[in-house]
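The structure appears right after this line, and notes come after that.
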Amino acid sequence: MDSSSHGPRAVPWHLFPDGAGVDSRGELLIHGLSVTELAQEMATPLFVYDEQQIRSRFQEAKKNFSGKIAYAAKAFFCKAMAEIVADEEIHLDAASMGEIYVALSGGVDPSKIVFHGNNKSLTELRFAVEQKVGLIVVDSFDEIERLEKLATFPLRVGVRITPGIEAHTHEFIRTGQDDSKFGFNVQNGDAATAISMLSRSPKFDMIAVHAHIGSQIFSLSSFRQEVEVLSTFLAGVEVEDVILGGGLGVAYLRDERAPSIKEWVQVIDDAGRRSGLSKGRSLVIEPGRSIVATAGLTLYEVGTIKRIPGVRDYISVDGGMSDNPRPVLYGSGYEALAAKRLFDSHDTRFSVAGKHCESGDVVVRDAKLPSDISVGELIVTPVTGAYGFSMSSNYNKVTRPAVIFVDQSGYRVVVRRETLEDLVRNDI
Ligand code: LLP
């Protein structure tokens, strides 16, 4: 065991929210509140967000970027999150009528909403128009026909294009390549056709072009390439906004390091200037994960421990694929730590399993935890703030956890834990 395998230096602090701390025995604190206290008052599993960190990520983006920032609601959304978006004067990327509804419920200015989706229904489009959503990003020729059926014209629209960039990330969350269900293809001429159709029609104000190359991308050169490709493609095309999507990756594992938001936006700004893309146009970015992932963590309680000598030791926690489907969907890795004793040596391999009826329901396949981890202990999985709660389900009729926001003044419940009644609320 090396000297850094326990103690304060062994804790992967870069995976924890800015407001995380620790008491003298190694118990995790969030803005001074102990996880024991939070778990006792709120029960587990529990999503805990550092509200201050969410705000400071928005501020970091605003301060360092010359263009506009639209938060991608899909990463994590609820009324309280919409209120932060409104308060920080951020635009919003909504991908469904539901996301628009929640945004409006939280006071987001409809003119700041960008509406995306490869299959927006007529009902959704009508809702967006009635609510005076700022921009609809058209994704297909069918959608153009659908939009023409709506009464209010001219409509402010953008065109989503697939620029043919293969970003280095999981194939399910890659979107910029030619083989994609999203947007109009640049290579085969569809993108140019859609742009000219929309710009010529009196029914539309074609003010934006949009591309998104994928998610959980670490290499900033992919974004530079995106800007360059768009700059060539848009030579001579007049638009107010060029929306570059989101996609900045975050570190999930102890040994991972990701670029900061500041580094990301500076690369985009720089590439925009050099290539001429930002000349006379505003660049817009749509970060989701990089705003909320590290701000959030999940607290679980250990329920059972099963040791299979020579094979594997399992600890099962009180949540799993219903609150974090990412390991099952994408094989995503997380760290798990003993939340009340972060300084103890985490040197023994366990699989942290969920409570669902599938063998694949694993939260962390090869976690390193204290060898004497015991039933009733609190486990924390950091970096669960993005695409965890937002992709949660009621699988096995497990109720969704509560979400709390913490800052210097204490914590507040922003989404209450589901109850058993919630499980039959829609049943007739
Ligand atoms: N803009 C558009 C048009 C998008 O489709 C997305 C994500 C974003 C922005 C935000 O990307 P971000 O900054 O969060 O990478 N469920 C997957 C991620 C799917 C991302 C879908 N689109 C996951 O858990 O990894």
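Note: Cβ is positioned from N, Cα and C throughout, glycine not excepted.
Proximity of C357 (active site, proton donor) to non-local residues of its own chain (separation of 6 or more, Cβ distance below 8 Å) is seen for N396, given in sequence order. What TrEMBL lists as active site, proton donor is C357.
Annotated pyridoxal 5'-phosphate binding site per TrEMBL: G247, E286, P287, G288, R289, Y387, in sequence order. The Cβ of G288 (pyridoxal 5'-phosphate binding site) lies under 8 Å from the Cβ of Y71, A72, A73, K74, A75, F76, D93, S215, G246, A386, Y387, each of which sits 6+ residues away along the same chain.
The domain 'Orn/DAP/Arg decarboxylase 2 C-terminal' annotation in TrEMBL covers 47-385.
Summarising the annotation, TrEMBL assigns domain 'Orn/DAP/Arg decarboxylase 2 N-terminal' to 52-293.
Around K74 (N6-(pyridoxal phosphate)lysine), taking its Cβ as the centre, 21 other Cβ atoms fall within 10 Å, counting all chains. Residues annotated as N6-(pyridoxal phosphate)lysine in TrEMBL: K74.
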Neighbour-count leader, CB within 10 A, binding-site residues: G247, P287: G247
Neighbouring C-beta atoms (10 Å sphere around the C-beta of R289 (pyridoxal 5'-phosphate binding site)): 25
Pyridoxal 5'-phosphate site shell beyond G247, E286, P287, G288, R289, Y387, criterion: Cβ within 8 Å of Cβ centroid: A72, K74, A75, S215, G246, L248, S290, I291, A386
Those residues of the chain, 6+ apart, with a Cβ under 8 Å from that of E286 (pyridoxal 5'-phosphate binding site): I69, A70, Y71, A72, D93, V114, H212, I243, L244, G245, G246
